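To start, the structure itself, in structure tokens.
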Amino acid sequence: MAKSPVRIAVTGAAGQIAYALVFRIASGALLGPDQPVILHLLDLPQMQGALGGVMMELEDCAFPLLAGMVATDDPKVAFKDIDIGFLVGARPRGKGMERKDLLGANAEIFTVQGRALNEVAKRSARVLVVGNPANTNAYIAMKSAPDLSPDCFSAMIRLDHNRAASMLAAKAGVNVGDVGKLIVWGNHSPTMYPDYRFAEAGGRKLAEAINDEAWNRDVFIPTVGKRGAAVIEARGASSAASAANAAIDQVRDWVVGSDGRWVSMAIPSDGSYGIPEGIMFGVPVTTQGGVVTRVPNLAIDAFAQSRLDITLNELKEEREAIAHLLA
């Protein structure tokens, strides 16, 4: 018997990340080869023409799983009865724009979208925020949707996780698909902390195999943290395909399950690891049946604690900068 279609919203749907995302969703890369989807595509009024072109291309792919599309500039239409949301659209940082101005501009966007989700989305919806600053944008959307469980919201830190896994695999001479128990803690920003103290590949402890604290501190952590800037420098544009891929990875694991593997997700803190409750913070989790379970009781040494403090302080500053907008 055919499955009922899953409704999936994508915001910023005429943008570059969405262009790398929607075709993969429609092909079955997110939910598998037998799950039909209906795409709800949201973008600004002035982007509706370009969005129409994206929809023409989606039609021309003749995806058997694409059961329908909705194009709109109204969040309440876009989020009506959705099962999954990818909040990709965000205000980019303009020339001369201060970080607090960027936070304020995005607070307006994600307050409106959070309220719309609160009003019309399914109560079981899973909403991933991709648009930067992703952790704080997700926090704003969550706070603006008080009738939805905080567990409905996550921010994307999987791109950092994938970047770290690729770099670790190259350093250790292993297949990236074999790397497990890697963690990315904190904010999706250069302050995040990629932590391979527990990482394994093929039964080997990677920290023992690499055994190079200077490389960890001076090469690995800063390179992962600045990878997005390096892509912009080389490509002349920000990461789009890799961001879309990470969004698919994170939501697929969230909805379908991680099969016992540790994955990194930025989720509202429950107070564990000394992170104040409610802050959207990257932590190691396992997922099954849409339920996220934090990996508990991991040892935090002095260096790890110092890195957690750096990224936590940044998130606290971001939260304080937009607190008056949520009052």
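Every residue, even glycine, has its Cβ placed from backbone N, Cα and C.
Taken from Swiss-Prot, the feature NAD(+) binding site applies to Gly12, Ala13, Ala14, Gly15, Gln16, Ile17, Ala18, Asn106, Gln113, Val130, Gly131, Asn132, supported by sequence analysis. The substrate binding site annotation in Swiss-Prot covers Arg93, Arg99, Asn132, Arg163. Annotation source Swiss-Prot lists active site, proton acceptor at His188.
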Checklist outcome for this item: Densest Cβ environment (other Cβ within 10 Å) across the binding-site residues Gln16, Gln113, Asn132 belongs to Gln113
Item to check | binding-site residues compared (Arg93, Arg163) - highest count of Cβ atoms within 10 Å | outcome: Arg163
Item to check | Largest tally of Cβ atoms lying within 10 Å of a Cβ, found at which of the recorded positions Arg99, His188 | outcome: His188
Next on the checklist: Return the count of C-beta atoms lying within 10 angstroms of the C-beta of Ala18 (NAD(+) binding site), excluding that atom itself.
Outcome noted: 27
Next on the checklist: Spatially, and counting Cα to Cα, which of the binding-site residues is closest to Arg93 (substrate binding site)? Options: Gly12, Ala14, Ala18.
Outcome noted: Gly12
Item to check | Listed in sequence order, residues with CB under 8 A of Gly12 (NAD(+) binding site) and six or more positions away | outcome: Ala18, Leu42, Asp43, Val88, Gly89, Ala90, Gly131
Checklist outcome for this item: Ordered by sequence, the long-range same-chain Cβ contacts of Ala14 (NAD(+) binding site) under 8 Å (at least 6 apart) are Leu41, Asp43, Met47, Gln48, Ala50, Leu51, Gly53, Val54
Checklist outcome for this item: Per DSSP (three-state), Gln16 (NAD(+) binding site) is helix
